[in-house]
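A.B. asks: Below: one structure in C-alpha coordinates.
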Amino acid sequence: MHVFEKAPAKINLTLDVLYKRPDQYHEVEMVMTTVDLADRLELIHLNQDVIQIESESKYVPNDERNLAYVAADLIKKTYKINSGVQIKIEKQIPVAAGLAGGSSDAAATLRALNRLWSLNRSLDELAALGAQIGSDVPFCVYNRTGLAQGRGEQITHLPPPPSCWAVLAKPIIGVSTESVYQNLNLQTIKHPNTKAMVAAINNSNYDQMVKYVGNVLEDVTLPLHPEVTQIKTMMKQSGADAVLMSGSGPTVFGLTRQQSRADRIYNSLKGFCQDVFVVRLLG
Ligand SMILES: C[C@](O)(CO)[C@H](O)COP(=O)(O)OP(=O)(O)OC[C@H]1O[C@@H](n2ccc(N)nc2=O)[C@H](O)[C@@H]1O
Ligand SMILES: Nc1ncnc2c1ncn2[C@@H]1O[C@H](COP(=O)(O)OP(=O)(O)OP(=O)(O)O)[C@@H](O)[C@H]1O
(Lines of atoms letter the chains of each structure in order from A; the text may use other names.)
(Lines give C-alpha, C1' and ligand atoms only; values in the text may rest on other atoms or scores of the structure.)
(Ligands and ions follow the chains in the order given, each with its own letter.)
Protein backbone atom coordinates (compact mmCIF):
# COMPACT_ATOMS: atom_id res chain seq x y z
CA MET A 1 0.00 0.00 0.00
CA HIS A 2 1.40 3.41 -0.92
CA VAL A 3 0.25 6.98 -1.62
CA PHE A 4 1.82 10.00 -3.30
CA GLU A 5 1.39 13.55 -2.01
CA LYS A 6 2.62 16.92 -3.27
CA ALA A 7 4.09 19.45 -0.86
CA PRO A 8 4.00 22.93 -2.48
CA ALA A 9 6.12 25.88 -1.40
CA LYS A 10 4.46 29.01 -0.01
CA ILE A 11 5.25 32.68 -0.43
CA ASN A 12 4.29 35.59 1.83
CA LEU A 13 2.45 38.37 0.01
CA THR A 14 2.48 40.17 3.36
CA LEU A 15 4.16 39.50 6.69
CA ASP A 16 3.46 41.79 9.62
CA VAL A 17 4.53 41.40 13.24
CA LEU A 18 2.24 43.01 15.83
CA TYR A 19 4.05 42.27 19.11
CA LYS A 20 6.22 39.79 20.96
CA ARG A 21 4.20 37.34 23.04
CA PRO A 22 5.01 36.04 26.51
CA ASP A 23 5.66 32.57 24.97
CA GLN A 24 8.56 34.07 22.95
CA TYR A 25 6.67 33.76 19.66
CA HIS A 26 5.55 36.84 17.73
CA GLU A 27 1.94 37.69 17.00
CA VAL A 28 1.78 37.89 13.20
CA GLU A 29 -0.57 38.76 10.36
CA MET A 30 0.41 37.27 7.02
CA VAL A 31 -1.23 36.71 3.67
CA MET A 32 0.26 33.61 2.12
CA THR A 33 -0.32 31.60 -1.02
CA THR A 34 1.08 28.42 -2.55
CA VAL A 35 3.11 28.18 -5.77
CA ASP A 36 3.65 25.31 -8.19
CA LEU A 37 7.10 24.43 -6.94
CA ALA A 38 6.64 21.30 -4.85
CA ASP A 39 8.40 18.45 -3.11
CA ARG A 40 6.96 15.05 -3.99
CA LEU A 41 6.41 12.49 -1.24
CA GLU A 42 5.74 8.76 -1.51
CA LEU A 43 4.54 7.02 1.65
CA ILE A 44 4.69 3.23 1.86
CA HIS A 45 2.91 1.26 4.58
CA LEU A 46 5.19 -0.96 6.69
CA ASN A 47 3.93 -3.71 9.00
CA GLN A 48 6.90 -3.05 11.28
CA ASP A 49 6.51 -0.22 13.85
CA VAL A 50 9.16 2.15 12.37
CA ILE A 51 9.34 5.48 10.53
CA GLN A 52 11.94 5.58 7.77
CA ILE A 53 12.88 8.72 5.84
CA GLU A 54 14.59 8.58 2.46
CA SER A 55 15.78 11.67 0.61
CA GLU A 56 18.59 12.30 -1.84
CA SER A 57 18.96 15.89 -0.66
CA LYS A 58 22.13 16.44 1.32
CA TYR A 59 20.52 19.37 3.13
CA VAL A 60 17.73 17.54 4.97
CA PRO A 61 18.14 15.09 7.85
CA ASN A 62 17.02 11.47 7.27
CA ASP A 63 16.13 10.87 10.91
CA GLU A 64 13.77 12.07 13.65
CA ARG A 65 14.82 15.69 12.98
CA ASN A 66 13.04 15.60 9.61
CA LEU A 67 9.68 17.38 9.92
CA ALA A 68 8.01 14.58 7.91
CA TYR A 69 9.24 12.14 10.59
CA VAL A 70 7.88 14.44 13.33
CA ALA A 71 4.49 14.50 11.54
CA ALA A 72 4.36 10.71 11.13
CA ASP A 73 5.34 10.19 14.76
CA LEU A 74 2.61 12.61 15.89
CA ILE A 75 -0.04 10.82 13.80
CA LYS A 76 1.05 7.42 15.14
CA LYS A 77 0.93 8.59 18.77
CA THR A 78 -2.31 10.57 18.43
CA TYR A 79 -4.27 7.79 16.71
CA LYS A 80 -2.41 4.86 18.33
CA ILE A 81 -1.15 3.32 15.09
CA ASN A 82 1.16 0.35 15.59
CA SER A 83 2.32 -0.08 12.00
CA GLY A 84 5.02 1.99 10.33
CA VAL A 85 5.77 4.00 7.21
CA GLN A 86 8.60 4.65 4.79
CA ILE A 87 8.58 8.26 3.53
CA LYS A 88 10.48 9.03 0.33
CA ILE A 89 10.97 12.78 -0.17
CA GLU A 90 11.92 14.12 -3.59
CA LYS A 91 13.15 17.59 -2.61
CA GLN A 92 12.53 20.39 -5.12
CA ILE A 93 12.00 23.30 -2.70
CA PRO A 94 15.28 24.89 -1.59
CA VAL A 95 16.00 24.32 2.13
CA ALA A 96 16.02 27.11 4.74
CA ALA A 97 14.77 29.45 2.04
CA GLY A 98 11.64 31.11 3.50
CA LEU A 99 9.44 28.87 1.34
CA ALA A 100 8.24 26.56 4.17
CA GLY A 101 9.67 23.44 2.51
CA GLY A 102 9.99 21.46 5.74
CA SER A 103 6.57 22.61 7.00
CA SER A 104 4.98 21.60 3.70
CA ASP A 105 6.60 18.14 3.87
CA ALA A 106 5.17 17.75 7.39
CA ALA A 107 1.71 18.87 6.21
CA ALA A 108 1.86 16.54 3.19
CA THR A 109 2.76 13.68 5.55
CA LEU A 110 -0.31 14.42 7.70
CA ARG A 111 -2.60 14.45 4.63
CA ALA A 112 -0.99 11.35 3.12
CA LEU A 113 -1.14 9.25 6.31
CA ASN A 114 -4.77 10.28 6.76
CA ARG A 115 -5.37 8.53 3.41
CA LEU A 116 -2.88 5.65 3.76
CA TRP A 117 -4.28 4.60 7.13
CA SER A 118 -7.93 5.55 6.36
CA LEU A 119 -8.14 7.82 9.42
CA ASN A 120 -10.92 9.98 7.92
CA ARG A 121 -9.81 13.09 9.84
CA SER A 122 -10.84 16.55 8.62
CA LEU A 123 -8.29 19.08 7.35
CA ASP A 124 -9.20 21.22 10.39
CA GLU A 125 -8.17 18.38 12.72
CA LEU A 126 -4.94 17.78 10.77
CA ALA A 127 -4.18 21.53 10.83
CA ALA A 128 -4.62 21.57 14.62
CA LEU A 129 -2.17 18.67 14.88
CA GLY A 130 0.18 20.49 12.50
CA ALA A 131 0.34 23.48 14.86
CA GLN A 132 2.23 21.22 17.29
CA ILE A 133 4.96 20.78 14.64
CA GLY A 134 5.48 24.37 13.51
CA SER A 135 3.72 27.70 12.97
CA ASP A 136 3.59 27.34 9.16
CA VAL A 137 2.29 23.75 9.16
CA PRO A 138 -1.49 24.50 9.51
CA PHE A 139 -1.33 26.83 6.48
CA CYS A 140 0.47 24.08 4.55
CA VAL A 141 -2.14 21.48 5.58
CA TYR A 142 -4.89 23.52 3.85
CA ASN A 143 -2.61 24.25 0.93
CA ARG A 144 -4.54 27.32 -0.24
CA THR A 145 -4.38 31.10 -0.01
CA GLY A 146 -5.08 32.42 3.45
CA LEU A 147 -4.64 35.03 6.13
CA ALA A 148 -2.55 33.58 8.97
CA GLN A 149 -2.81 35.11 12.44
CA GLY A 150 -1.76 34.23 16.00
CA ARG A 151 1.73 32.77 15.68
CA GLY A 152 0.74 31.79 12.13
CA GLU A 153 -1.50 28.84 12.97
CA GLN A 154 -4.93 30.59 12.79
CA ILE A 155 -5.99 30.47 9.16
CA THR A 156 -8.78 32.37 7.41
CA HIS A 157 -9.23 31.02 3.89
CA LEU A 158 -9.12 33.42 0.94
CA PRO A 159 -9.88 32.87 -2.75
CA PRO A 160 -6.95 32.14 -5.09
CA PRO A 161 -5.00 35.30 -6.01
CA PRO A 162 -5.34 36.84 -9.49
CA SER A 163 -3.56 34.65 -12.00
CA CYS A 164 0.10 35.63 -12.46
CA TRP A 165 3.69 34.39 -12.58
CA ALA A 166 6.25 34.50 -9.79
CA VAL A 167 9.98 34.25 -10.32
CA LEU A 168 11.70 32.89 -7.20
CA ALA A 169 15.41 33.45 -6.64
CA LYS A 170 17.43 32.24 -3.67
CA PRO A 171 21.01 33.30 -2.99
CA ILE A 172 23.40 30.67 -1.59
CA ILE A 173 22.81 31.53 2.05
CA GLY A 174 20.54 29.92 4.62
CA VAL A 175 18.65 32.03 7.14
CA SER A 176 17.56 31.01 10.64
CA THR A 177 13.92 31.97 11.17
CA GLU A 178 14.45 32.14 14.93
CA SER A 179 17.33 34.61 14.73
CA VAL A 180 15.47 36.83 12.23
CA TYR A 181 12.49 37.12 14.61
CA GLN A 182 14.80 37.69 17.58
CA ASN A 183 16.60 40.55 15.82
CA LEU A 184 13.48 42.41 14.71
CA ASN A 185 13.16 45.92 16.13
CA LEU A 186 9.44 46.35 16.78
CA GLN A 187 9.79 50.11 17.32
CA THR A 188 10.98 50.91 13.80
CA ILE A 189 8.98 48.56 11.56
CA LYS A 190 6.70 49.88 8.84
CA HIS A 191 3.56 47.74 8.94
CA PRO A 192 2.15 46.47 5.63
CA ASN A 193 -1.54 47.06 4.97
CA THR A 194 -2.87 43.54 5.52
CA LYS A 195 -6.52 44.59 5.15
CA ALA A 196 -5.81 46.12 1.73
CA MET A 197 -4.05 42.92 0.62
CA VAL A 198 -6.99 40.79 1.79
CA ALA A 199 -9.36 43.10 -0.11
CA ALA A 200 -7.17 42.92 -3.24
CA ILE A 201 -7.35 39.14 -3.19
CA ASN A 202 -11.07 39.05 -2.40
CA ASN A 203 -11.65 41.40 -5.35
CA SER A 204 -9.15 39.54 -7.58
CA ASN A 205 -7.45 42.89 -8.20
CA TYR A 206 -3.89 42.32 -9.48
CA ASP A 207 -2.89 46.01 -9.41
CA GLN A 208 -3.91 46.34 -5.76
CA MET A 209 -2.24 43.03 -4.89
CA VAL A 210 1.15 44.14 -6.23
CA LYS A 211 0.74 47.53 -4.57
CA TYR A 212 0.30 46.14 -1.06
CA VAL A 213 3.02 43.46 -0.76
CA GLY A 214 5.19 43.96 2.32
CA ASN A 215 7.33 41.96 4.76
CA VAL A 216 8.68 43.44 7.99
CA LEU A 217 11.32 40.70 8.29
CA GLU A 218 13.16 42.35 5.36
CA ASP A 219 14.33 44.90 7.98
CA VAL A 220 16.49 42.18 9.56
CA THR A 221 17.56 39.99 6.63
CA LEU A 222 18.37 42.68 4.03
CA PRO A 223 21.08 44.53 5.99
CA LEU A 224 22.72 41.19 6.89
CA HIS A 225 22.70 39.81 3.35
CA PRO A 226 23.27 42.46 0.64
CA GLU A 227 22.72 39.87 -2.12
CA VAL A 228 19.00 39.83 -1.21
CA THR A 229 18.73 43.56 -1.97
CA GLN A 230 20.74 42.99 -5.15
CA ILE A 231 18.24 40.33 -6.31
CA LYS A 232 15.35 42.69 -5.53
CA THR A 233 16.97 45.45 -7.60
CA MET A 234 17.64 43.10 -10.53
CA MET A 235 14.04 41.87 -10.51
CA LYS A 236 12.68 45.41 -10.48
CA GLN A 237 14.97 46.41 -13.35
CA SER A 238 13.75 43.40 -15.34
CA GLY A 239 10.17 44.60 -15.01
CA ALA A 240 8.61 42.78 -12.05
CA ASP A 241 5.46 44.54 -10.81
CA ALA A 242 6.21 43.67 -7.17
CA VAL A 243 9.34 42.32 -5.53
CA LEU A 244 9.48 40.94 -1.98
CA MET A 245 11.40 38.60 0.28
CA SER A 246 9.37 35.56 1.35
CA GLY A 247 9.12 34.62 5.05
CA SER A 248 12.39 35.12 6.89
CA GLY A 249 14.22 34.85 3.56
CA PRO A 250 16.49 34.73 1.79
CA THR A 251 14.29 33.84 -1.23
CA VAL A 252 12.95 36.82 -3.18
CA PHE A 253 9.95 36.62 -5.50
CA GLY A 254 8.95 38.94 -8.34
CA LEU A 255 5.41 39.05 -9.71
CA THR A 256 4.30 39.63 -13.29
CA ARG A 257 1.27 38.81 -15.42
CA GLN A 258 3.24 38.18 -18.60
CA GLN A 259 5.14 34.97 -19.21
CA SER A 260 7.61 36.79 -21.50
CA ARG A 261 8.48 39.14 -18.63
CA ALA A 262 8.81 36.23 -16.21
CA ASP A 263 11.29 34.67 -18.67
CA ARG A 264 13.20 37.95 -18.84
CA ILE A 265 13.43 38.17 -15.03
CA TYR A 266 14.51 34.50 -14.90
CA ASN A 267 17.27 35.09 -17.47
CA SER A 268 18.58 38.16 -15.68
CA LEU A 269 18.86 36.22 -12.39
CA LYS A 270 20.07 32.87 -13.68
CA GLY A 271 23.75 33.84 -13.84
CA PHE A 272 23.59 35.41 -10.37
CA CYS A 273 21.73 32.72 -8.37
CA GLN A 274 21.82 28.96 -8.56
CA ASP A 275 18.20 28.51 -7.47
CA VAL A 276 15.83 30.39 -9.79
CA PHE A 277 12.32 29.18 -10.66
CA VAL A 278 9.45 30.49 -12.76
CA VAL A 279 6.21 29.36 -11.13
CA ARG A 280 2.48 30.10 -11.12
CA LEU A 281 0.66 31.19 -8.00
CA LEU A 282 -1.74 28.36 -7.12
CA GLY A 283 -3.90 29.33 -4.15
C1 LIG B 1 8.69 33.18 8.80
C2 LIG B 1 7.50 32.29 8.56
O3 LIG B 1 7.90 31.17 7.76
C4 LIG B 1 6.46 33.08 7.78
O5 LIG B 1 5.48 32.24 7.23
C6 LIG B 1 6.89 31.77 9.86
O7 LIG B 1 6.50 32.83 10.70
C8 LIG B 1 7.84 30.83 10.61
O9 LIG B 1 7.21 29.61 10.67
P10 LIG B 1 7.98 28.27 11.14
O11 LIG B 1 9.30 28.15 10.43
O12 LIG B 1 6.98 27.17 11.01
O13 LIG B 1 8.28 28.63 12.65
P14 LIG B 1 8.39 27.72 13.95
O15 LIG B 1 9.14 26.47 13.61
O16 LIG B 1 7.08 27.60 14.60
O17 LIG B 1 9.31 28.66 14.85
C18 LIG B 1 10.69 28.87 14.60
C19 LIG B 1 11.15 30.02 15.46
O20 LIG B 1 10.71 31.27 14.86
C21 LIG B 1 10.26 32.18 15.82
N22 LIG B 1 8.86 32.54 15.57
C23 LIG B 1 8.09 31.79 14.72
C24 LIG B 1 6.79 32.15 14.47
C25 LIG B 1 6.27 33.29 15.12
N26 LIG B 1 5.01 33.67 14.91
N27 LIG B 1 7.05 34.00 15.95
C28 LIG B 1 8.34 33.65 16.19
O29 LIG B 1 9.03 34.32 16.95
C30 LIG B 1 10.45 31.52 17.18
O31 LIG B 1 11.69 31.95 17.67
C32 LIG B 1 10.54 30.04 16.85
O33 LIG B 1 11.37 29.36 17.75
N1 LIG C 1 11.59 17.73 5.19
C2 LIG C 1 12.39 18.78 5.37
N3 LIG C 1 12.67 19.62 4.36
C4 LIG C 1 13.47 20.70 4.55
N5 LIG C 1 14.07 21.00 5.71
C6 LIG C 1 13.84 20.21 6.76
C7 LIG C 1 12.99 19.08 6.64
N8 LIG C 1 12.92 18.49 7.84
C9 LIG C 1 13.70 19.22 8.67
N10 LIG C 1 14.27 20.25 8.03
C11 LIG C 1 15.16 21.26 8.63
O12 LIG C 1 14.41 22.45 8.81
C13 LIG C 1 15.22 23.62 8.63
C14 LIG C 1 14.42 24.69 7.86
O15 LIG C 1 14.14 24.21 6.60
P16 LIG C 1 12.92 24.76 5.69
O17 LIG C 1 13.29 24.44 4.28
O18 LIG C 1 11.64 24.27 6.17
O19 LIG C 1 13.07 26.33 5.96
P20 LIG C 1 12.18 27.54 5.54
O21 LIG C 1 11.72 27.38 4.13
O22 LIG C 1 12.95 28.78 5.86
O23 LIG C 1 10.94 27.42 6.49
P24 LIG C 1 9.93 28.57 6.96
O25 LIG C 1 9.61 29.38 5.74
O26 LIG C 1 8.78 27.75 7.48
O27 LIG C 1 10.66 29.32 8.03
C28 LIG C 1 16.48 23.15 7.93
O29 LIG C 1 17.55 23.40 8.79
C30 LIG C 1 16.32 21.65 7.72
O31 LIG C 1 17.47 20.93 8.07
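In case you wondered, yes, glycine gets a Cβ from its N, Cα and C as well.
Curation does not apply to TrEMBL; its annotations are automatic.
TrEMBL lists these features:
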- Lys10: active site (ACT_SITE)
- 66-143: domain 'GHMP kinase N-terminal' (DOMAIN)
- Pro94, Val95, Ala96, Ala97, Gly98, Leu99, Ala100, Gly101, Gly102, Ser103, Ser104: ATP binding site (BINDING)
- Asp136: active site (ACT_SITE)
- 198-272: domain 'GHMP kinase C-terminal' (DOMAIN)
A.B. asks: Among the recorded positions Lys10, Pro94, Ala96, Gly102, Ser104, Asp136, which have a Cβ atom lying under 6 Å from any atom of ligand 1?
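C.D. replies: Once distances to ligand 1 are taken from each Cβ, Asp136 fall under 6 Å.
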A.B. asks: Can you check which residue among the binding-site residues Pro94, Gly98, Gly102 has the largest number of Cβ atoms within 10 Å of its own?
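C.D. replies: Answer returned by the neighbour count: Gly98.
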A.B. asks: Near Ala96 (ATP binding site), how many other Cβ atoms are within 10 Å of its Cβ?
C.D. replies: 19
A.B. asks: I want to verify one value. Collapsing DSSP to three states, which class is Gly102 (ATP binding site)?
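C.D. replies: SS state of Gly102 (ATP binding site) = helix.
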A.B. asks: Show which residues of the chain containing Ser104 (ATP binding site), separated from it by at least 6 in sequence, have their CB under 8 Å from its CB.
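C.D. replies: Listed in sequence order, they are Ala7, Pro8, Ala9, Lys10, Ala38, Asp39, Ile93, Asp136, Cys140.
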A.B. asks: List the residues of the same chain that sit at least 6 positions away from Ala100 (ATP binding site) in sequence and have their Cβ under 8 Å from its Cβ, in sequence order, or write 'none'.
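C.D. replies: In sequence order, the residues whose Cβ lies under 8 Å from that of Ala100 (ATP binding site) (at least 6 apart) are Ala9, Lys10, Ile93, Asp136, Phe139, Cys140, Gly247.
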A.B. asks: I want the residues beyond Pro94, Val95, Ala96, Ala97, Gly98, Leu99, Ala100, Gly101, Gly102, Ser103, Ser104 whose C-beta is within 8 angstroms of the mean position of the ATP site's C-beta atoms, in chain order.
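C.D. replies: Going along the sequence, the neighbours appear as Ala9, Ile93, Gly247.
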A.B. asks: With the Cβ under 6 Å from ligand 2 as the test, give me the qualifying entries from the binding-site residues Pro94, Ala96, Gly98, Ala100, Gly102.
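C.D. replies: Checked binding-site residues vs ligand 2; flagged Ala96, Gly98, Ala100, Gly102.
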